[in-house]
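Encoded as structure tokens, the structure appears first; notes follow it.
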Amino acid sequence: MKTIRCLVSGRVQGVFFRAFTRDKARSLGLVGQVRNLPDGRVEVVARGPDEDVAKLARWLAEEGSPGSMVTDVACTPAELDPALREFSITR
């Protein structure tokens, strides 16, 4: 199991990026959360099998939501509440 925190830059707010990220993460069986940051970036924290976490990181950088334009994705190892059981959008 692996947990990562990704900061996604570009046109990622107001384009349903969080909803598409939640749906993608759930389809991969990941748990975690996604939220908008005040500086215009989106923060994604995800936990799951290494290969599925890597798939989400690639999806963030290469696809995202249809209206988004990602310019940078910076992922680092992270901690996540072990009691968390789903992937959700937070504010």
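Yeah, the Cβs are placed from backbone N, Cα and C, and that goes for glycine too.
Noted in TrEMBL for the protein shown:
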ACT_SITE  R18  active site
ACT_SITE  N36  active site
DOMAIN    3-91  domain 'Acylphosphatase-like'
Rounded distance in angstrom between the Cα atoms of R18 (active site) and N36 (active site): 8
DSSP state at R18 (active site), helix/strand/coil: helix
For R18 (active site), the number of other Cβ atoms found within 10 Å of its own Cβ: 22
Just to confirm: which same-chain residues, 6+ apart in sequence, have a Cβ under 8 Å from the Cβ of N36 (active site)? Q13, R18, V42, E43, R91
Overall pLDDT for the domain 'Acylphosphatase-like' (3-91), taken as the rounded mean: 97
